[in-house]
Amino acid sequence: MNKLLLTASAVSILVGLSGAAAAQDYTIGVSNTVQGNGWREEMICAIKAQALKSGEVASLNIAHRNTDAAGQLEDIRNLIQAGVDAIVVNPANPEGINAAIKEATDAGIVVVAVDQAVTEPSAYVVSNNQEEYGYLGAKWLFEQIGGEGSVVYMRGAAGASADNDRDKGFKRALAEYPGVKVAQEVFTGWQQDQGKQQILDYLATGVAFDGVWTSGIDNVIVDAFVESGAPLVPIVGADNAGFVGQLGSVEGLVGAAVTNPGSIGAAGVTVALNILKGEKPAEQTVLVTPALWDNVSEEGKASIAAAQNPNLDPEWPVSVSIADYTTYSTDEIIACKGPGE
Amino acid sequence: MTRVLARYGWSLGLLAILAILLVATRLIQPNFGASGLDSLARAALPFAFATVGMGIVVIAGGIDLSIASIMAVAGVVAALLMHQMGDANAGWVVLIVLTRVPDIVVTLAMLFVWEGVALLILNAPGGAAAPWLRELVVGAVTIPGLPPELTSWLPRALVVLIAFVVIFWLPLRRSKLGLSIYAIGSDQHAAFRSGVPIGLTRVAAYGFAGLFAALGGLSITLSTGIGEPIAGPYLMASVAAVVLGGVALTGGKGGLLGPIIAVFILRTLRLDLTLLSVDPNVTTIIEGTIMVAVVMAGGLLAMRGRR
């Protein structure tokens, strides 16, 4: 009798397990704290497209608003209350949301931080390497101007952790080129209008400089040079569609785009689904290394030509997919439709 | 009875809305319980402090646009000091933050000043919060001698909020200064002719706002464990809660109970919209629409009452 019971329970457990493995009804929560920015919008669309394409997500629960770490704590706790199976989060801050992440993982929810790391050890991290992003572009720029001269340093949002990491990379490159000076350091706040105003103000002073490093507010900087008729200097930006287009088309522009895929959100969904199905990644942290495409070398020119896509919003990064992690097509991410939409 | 109703009618109405929202939350998510209430209270804490501060200034006929940046300054100062001095000295750090009352009439310019000050103090999120202080707002209240089941639904964050408001606001409201705050808010000339020191009263009102904003900043640091130099969305949120709470933006009318309930309504609303997984871009539209509807309905009722 006992044996029978044991077998019966073993069978039921197995049935339960296989049921879980074949489940197509996961709910995934998403928490994001910057709204109305092309990069973040692409991230959300990538999450939606990948969730739909995977066929394993019944619904997405997206908490997407402009707020701080305290607001994100609230959003994550609300998602816990909503009973989601996994949470994909772009953290406002590497430490500030640890308390809520711990509560989520204690409740058996899989948490994957994308784009930026968190220090809570129970979370998985799928992130772009921001320090390397800063270093790669700065090194290219300093080499381009011959290791001698002054550059305008247009950072992101003051106090943001991605900005701080990029600053570390930038400073590392600066230390390697003692002949290079920073002529002007400004925070664009990752706002197009603000960045353009700042470079126009600086151009109006008439002080000569040799290059511009931007933290992704790039196409409006090129516009400002062209509109004001100022001689172009080498410009480093991100792989935003508008800037990549300019690298191929603007006469006399020497520049480089450093990749920073917004589709990292989709990679987060894939990792979360894999963990839910019992396939944990080998490492707790997966770093996506950026690449640099310049319009000087043949290799860079080829990458830029291949990346041109007139259908993309100019503020969206052109790297709409990440090999091994995303399965949707470019049209599907542009459609920006999630499960049940 | 009718006097109580007339005086607290708006707050009672808001309380009814909050009750309906909480019941709705329970219907949407049957598991909603003590832990849900706890996280709701913790999320509401910084908003509530900001709203109380803003409420006092608005009652005095002003508006404090720098409230969110003051919160950021207080938050980073607290986080930095606690980080440098460790756990043992956290006590007097809190004292410094609590008594940090700006003695200037705050203007729009101060928003930018404090913004810069916060970044100067801490150019990136960092610092730390003393663990025992963080525990202060986490979990449910336990009262020695009472069975824990009785108090398990009462979040500590809520008790902390009520305690500070009761300690500062109740005595103030009944004092001469409190009366003066209402007086200059309702009619500055009349107040002046009655011998109310306008300037001093305004300074005091902004001082109390600064105090509560500092408390709000401290509560952010306690919930996140770090100081954040970039101000959060507390300015508009506090004005919204003050208006929804029945305080007239022209000054002189309303109390602080309504705005505090309004904060909880807005937080519960967000929780419900998340539970229902409403499109995030629609969420803010719904929040705004409900606010306009409530304020308009209240205005209509008030007009009818007068007739």
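Using the three backbone atoms N, Cα and C, a Cβ is placed for every residue, glycine included.
Annotated features, as they stand in TrEMBL:
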TRANSMEM  B:6-28  transmembrane segment
TRANSMEM  B:40-59  transmembrane segment
TRANSMEM  B:65-83  transmembrane segment
TRANSMEM  B:90-114  transmembrane segment
TRANSMEM  B:153-172  transmembrane segment
TRANSMEM  B:203-224  transmembrane segment
TRANSMEM  B:230-249  transmembrane segment
TRANSMEM  B:256-276  transmembrane segment
TRANSMEM  B:282-303  transmembrane segment
> Which stretch, B:6-28, B:65-83, B:153-172, B:203-224, B:282-303, tops the Cβ pairs under 8 Å count with the transmembrane segment (B:40-59)?
Replying inline: B:203-224
>> Would you say the transmembrane segment (B:256-276) and the transmembrane segment (B:6-28) are in contact under the rule of three or more C-beta pairs closer than 8 Å, pairs 6 or more apart in sequence?
In response: yes
> Among B:203-224, B:230-249, B:256-276, which stretch has the highest count of C-beta pairs below 8 Å with the transmembrane segment (B:282-303)?
Replying inline: B:256-276
